[in-house]
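Copied from TrEMBL, the annotated features are:
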type: TRANSMEM; residues: A:47-80; note: transmembrane segment
type: TRANSMEM; residues: A:92-114; note: transmembrane segment
type: TRANSMEM; residues: A:120-138; note: transmembrane segment
type: TRANSMEM; residues: A:185-206; note: transmembrane segment
type: TRANSMEM; residues: A:236-256; note: transmembrane segment
type: TRANSMEM; residues: A:268-298; note: transmembrane segment
type: TRANSMEM; residues: A:329-345; note: transmembrane segment
Amino acid sequence: MNALSQTTSGTKAVKAAVLLIFALLLFAPFLFQDVRALEVAARVCVFIVLVASYDLLIGYTGIVSFAHTMFFGFGAYGAAISLKQMGPGWDAVVVGALAGMGVSLIVAVAIGLLSLRVKAIFFAMITLATASVALVLASQLSDFTGGEDGITYRAPALFKTATKLMLDENGKVLRVFGVKINGKLAAYYFVFFSCLALFVVMLRMVGSPLGTVLKAIRENEARAEAIGYRVVSYRTFVFCIAALVASLAGTIYAIWLKYTGPDTALSFAIMIDILLMVVIGGMGTMWGAVIGATMLVLAQYYLRDLMGAAAKATVDIPILPHVLDPDRWLFWLGIIFILLVYFFPKGIAGTVMAKGAPR
Amino acid sequence: MTVQPSLETRDLKIRFGGHVAVNAVSCAFHPGELTVIVGPNGAGKTTYFNLISGQLAASQGQVIKSGTDLTRMSPSARAQRGIGRAFQLTNLFPQLSVLENIRLAVQARSGDGWRILRQVAGLTDLAEQAEHYLEAAKLSGVAHLPAAALPHGDQRKLEVALLMAMEPDIYMFDEPTAGMSLDHAPDVLDLIAGIKKDTSKTVLLVEHKMDVVRSLADRIIVLHNGELLADGAPDTVMSSDIVRDVYLGKSAVPA
């Protein structure tokens with residue numbers, strides 16, 4: 001009776017990789033003791049949740065939406081505006097999170113009910129249009145949103161770098177393995193555990209009977225309807241859940257960054273990142289989101305460094321240093337992406353998990 | 001008959017542009033009765049099924065199940081009210097396992113589709129029910145394979161098993177043995193014969209193979225050019241001239 005969780009050698013490999021990423025993120029502040037690494041780790045956490053919630057749509061249910069960043073932005077701007085207006089307190093965080101979720105839910109229900117009945121391509125276009133409107137609004141309502149400059153604000157006092165969570169015998173901030181137990185650390189673990197909780201909720205969801213219905217809708221919408229599932233309701237529901245999770249991810253990221261602007265929360269560049277992550281990682285498996293988000297964020301932050309080192313190492317060889325110049329990192333990212341899609345047509349997790357599976 | 005029909009179509013009609021695919025078909029079906037629907041290709045048999053199960057919306061007329069008008073309902077609402085339909089072209093969830101396919105039908109009926117807090121692995125009653133239908137359809141050995149990986153004959157069996165797992169009041173089979181080899185077809189026919197034994201169920205069957213028709217039918221209706229041409233006991237219908245002309249005369253069916 002092991003039908004529902006068929007384990008192949010590939011599945012084990014993917015789960016091991018995910019476990020490794022989990023461990024690295026859990027101990028990130030102690031393993032990588034520099035500011036940039038912690039920024040990367042926090043971004044990985046947030047994007048895992050964002051990509052996993054998008055995968056609920058595109059990978060599990062087969063809904064193509066381009067409005068996912070918009071919901072992320074609602075959550076981020078909700079927290080940003082309330083933290084700016086109400087001052088850095090937990091009440092502002094709660095108000096901001098709820099406001100973001102409220103707006104997300106209303107917009108998601110509206111989009112869902114109006115357009116989930118239409119063909120997939122029209123639905124995708126409608127989400128694209130809605131997201132464009134949101135982007136324009138964010139830049140036009142500058143009194144409220146800070147326009148193109150965005151909003152800078154302070155996070156709750158607990159997350160200030162100067163906050164000492166534990167003191168040693170001299171009254172200075174306690175260090176564990178050389179890491180200061182300060183507000184920055186608290187902020188990171190706030191991000192980590194919030195994201196972990198959201199991820200676990202989604203994992204439970206896809207493992208529930210509802211998760212199978214979503215996959216059934218992806219596989220054969222007409223038959224799902226014929227055996228008694230109201231497809232429109234299920235689609236609207238999952239669209240709302242994905243929107244709410246994306247909104248919360250936005251709130252979490254806004255609290256971490258202490259800055260929210262179009263580039264960090266609303267731009268189409270983020271939407272493209274999400275799409276790349278879900279494709280690279282593998283659609284229709286939560287593990288794919290973990291792998292895809294981790295790999296792309298790492299590449300975005302460290303490919304340039306890597307290329308800089310490579311260019312230096314090859315300085316004596318003609319042409320090569322120019323090809324490997326850090327300025328060309330996007331070119332190389334593109335090549336890596338093409339190779340990944342070529343060798344892992346179902347994404348890394350999807351392709352690896354298929355190994356050893358019954359065909 | 002004075003008994004209320006379990007399923008009834010009244011003046012049912014659908015037009016595709018200028019073409020009338022099903023033309024004013026009025027017919028009542030009763031529990032414990034297996035009706036075979038015959039007719040040449042293009043007679044409107046599958047379209048008639050689509051109108052009953054809701055894949056197509058009628059241009060005119062009504063579909064009534066046990067007194068309830070289903071005409072304006074979606075396919076899922078009709079399924080929830082006991083209309084079960086298997087398809088002529090295999091119509092499964094290809095990348096899901098055979099067991100998952102069946103479980104979907106089981107949980108659709110039990111209303112577990114919205115259960116979000118329980119994990120599938122923990123819902124053993126769902127799995128047990130699904131296993132039961134798998135066994136009935138002799139598919140237990142391939143329960144963990146994706147449906148797409150099954151040979152055609154097994155896919156047909158799964159199609160029938162899906163319908164059984166819905167436990168509908170009305171069973172509609174659209175050429176269930178189409179494309180099956182001679183040694184596999186009896187498995188499906190046995191399943192249908194088993195359903196027929198339950199006198200609370202109404203069975204509609206589109207079938208071309210005459211030996212199948214003879215062995216299973218309580219009643220035969222003939223559709224031709226979308227119209228109901230004949231309706232009656234198998235012997236009477238099969239021997240009538242009109243049927244011979246439109247149906248038996250045209251296709252080479254061995255006697």
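In case you wondered, yes, glycine gets a Cβ from its N, Cα and C as well.
Residues 62-67, 69-70, 73-74, 77, 107, 111, 114, 145, 147, 262, 266-268, 271 of the same chain lie 6 or more positions beyond the ends of the transmembrane segment (A:120-138) yet place their CB under 8 Å from a CB of it. Remote same-chain residues near the transmembrane segment (A:47-80) are listed as 92-93, 95-101, 103-104, 107-108, 111, 116, 120, 123-124, 127-128, 130-131, 134-135, 138, 145, 150-151, 153, 195, 198-199, 202, 205-206, 211, 214-215, 217-218, 221, 234-235, 238-239, 241-255, 259-260, 264-268, 270-271, 273-275, 277-278, 281-286, 288-290, 292-294, 296-297 (criterion: CB distance under 8 Å, separation of at least six residues from the stretch ends). Distant neighbours of the transmembrane segment (A:236-256): 42-43, 46, 49-50, 52-54, 56-57, 60-61, 63, 65, 68-69, 71-80, 83, 93, 96-97, 100-101, 103-105, 107-109, 111-113, 116, 155-156, 159, 187-188, 190-191, 194-195, 198, 201-202, 205, 214, 264-265; these residues of the same chain sit at least 6 beyond its ends, with a Cβ under 8 Å from one of its Cβ atoms. Taking Cβ pairs closer than 8 Å, the transmembrane segment (A:185-206) reaches residues 25-26, 28-29, 38, 41-42, 45-46, 48-49, 52-53, 56, 60, 155, 158-159, 163, 165, 179, 214, 241, 245, 248-249, 252-253, 255-256, 286, 290 in its own chain, all 6 or more past its ends.
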